[in-house]
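For reference, TrEMBL has these:
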BINDING   Cys347, Cys349, Cys352, His378  Zn(2+) binding site
COMPBIAS  451-474  compositional bias 'Basic and acidic residues'
DOMAIN    31-411  domain 'tRNA-guanine(15) transglycosylase-like'
REGION    415-483  region 'Disordered'
Amino acid sequence: MTVDTEPQEPESTAMRFEVVSSALKESTAAAARVGRLALPGRRPIDTPNFIAVTSRGTLPHVTPDNISKHLQVSGAYFSLEDFVEKSQQNLSRPPPIFSAPTSTNHPTPLYSFTGTPSHITTILAARRLPAVPSPIGNSTKSISVFTNTGFQNLSTTDYLSAASTLEPDITIPLADLTNNSPPGTSPTSKRALRMAERTDEWIADWFSSPLSTSTSTFAPVLPIPYPIQWEYLSRLAEDYIPSSQLSGLAVHDPDIIPDLATHQPSLLSLPLLSLSNPSNPHLILRHIALGTDLFALPLINAVSDAGLALNFTFPAPPSPGAPPLPLAVDLSLPSFSTSVTPLSESCTCYACKSHHKSYIHHLLQAREMLGWTLLQIHNHATMSAFFGGIQRSIKDATFEDERLSFSRAYDSEMPAGVGERPRMRGYQYKSQGGEENAGKKKNKPAWQKELAVEDDKVEVPGTDGGRELQEKGVGEVVKGSGR
């Protein structure tokens, strides 16, 4: 990568992306490629690579100091709905993050409030990944976001104002997505056309307003066929790339990349961030083969919560004729209660060097948070090594052969994991109601009935909590008390 010897102010605040190597000669072809994404003041990101997905402003189970010590994470995905409680129109009390004090180590409110290490690139979107389905849907001027106090409307103007205040390194503008559709279904052609038209209008509003020069924009590419959104994509290529307003693309379905290479090749000169939420490394490899540069991976958090330790490498180990290897091991299984081997023999992360399977099995059985912390450290390290191997194979022109070998060496899906997960939060499960969900709790009670002796029951008020204690057999509602 060339470096200018003379200081140039405009470039010092601008994001730069360079394709270093590609499986095909054309850098704008739909093929696996190695690149480098550089933002001022941040650690450069060699691509293909992944970014961590945060929850409530932090990487689940891992504190910022341990992120710096033990994780090779270069970027973090944040959602605005994690920080707001009410509609952003006519706010009487702005969210605390908007007034967070800044410092040299935490130069913006987003860094200051979340404690994110300063070398990590921050990416701000409106919704979590994956987003909780909204029963309300979007309007012509706003989308529905899931806040601490329920679903609220968020307009482009309000979101732009929030992004200007928080100053993330990269912002993804609003997109009209059908988050309330059943998994695996596509919107109707009429709904898809409305998605493209609304997103086109919102992008025009976005770029018509000033945004901090230190914040780059990754425009959303919708998960609908190219012919339906061709006009929107043409405008991105013809209007916003020449004006240097557009810095990258946030792709919701990487299968559209070959269409972009055919009809809008200039868009492939930009870094492509996948928001498709792949469920296994085989899908990641397939999307890299199409030309994806970055991935936001909720998969890692989900695997850690399930008590699974990732156990794959790229290139895959030679195993001719052997049955497929598991992509992860379930450390909650009793068979690991006496295993004093590392989580993975080839891994050099802190968890593998300092602890063994039996200890983490014990932590998971005791529901100690340290168990999930160590799994997060190991799983992020495994994914970092996975992407490092991919980068080397693309440079060596062996990626396609290694991808085929990987598909033969490992199972096609992750194991489910039979252990008990951490306690779920409201934004981690579906928001739909209905009789099938009525009265069902997502988390097991922190306490259970220990004694069944009648005299051990205590008098409790007739409130919801009191009636629950009575149902458990450890309390007796006092008549006339409560509501």
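Backbone N, Cα and C atoms are what each Cβ position is placed from, and that goes for glycine too.
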- What other residues of the same chain, not counting Cys347, Cys349, Cys352, His378, have a CB atom within 8 A of the CB centroid of the Zn(2+) site? Ala309, Pro342, Leu343, Ser344, Thr348, Tyr350, Ala351, Lys353, Ile377, Ala381, Thr382
- Query: Cys347 (Zn(2+) binding site) has how many other Cβ neighbours within 10 Å of its own Cβ?
  - Reply: 20
- Note on the structure: Neighbouring CB atoms within 10 angstroms of the CB of Cys352 (Zn(2+) binding site), all protein chains considered, total 22
- Got a sec? Which of these binding-site residues, Cys349, His378, has the most Cβ atoms within 10 Å? His378
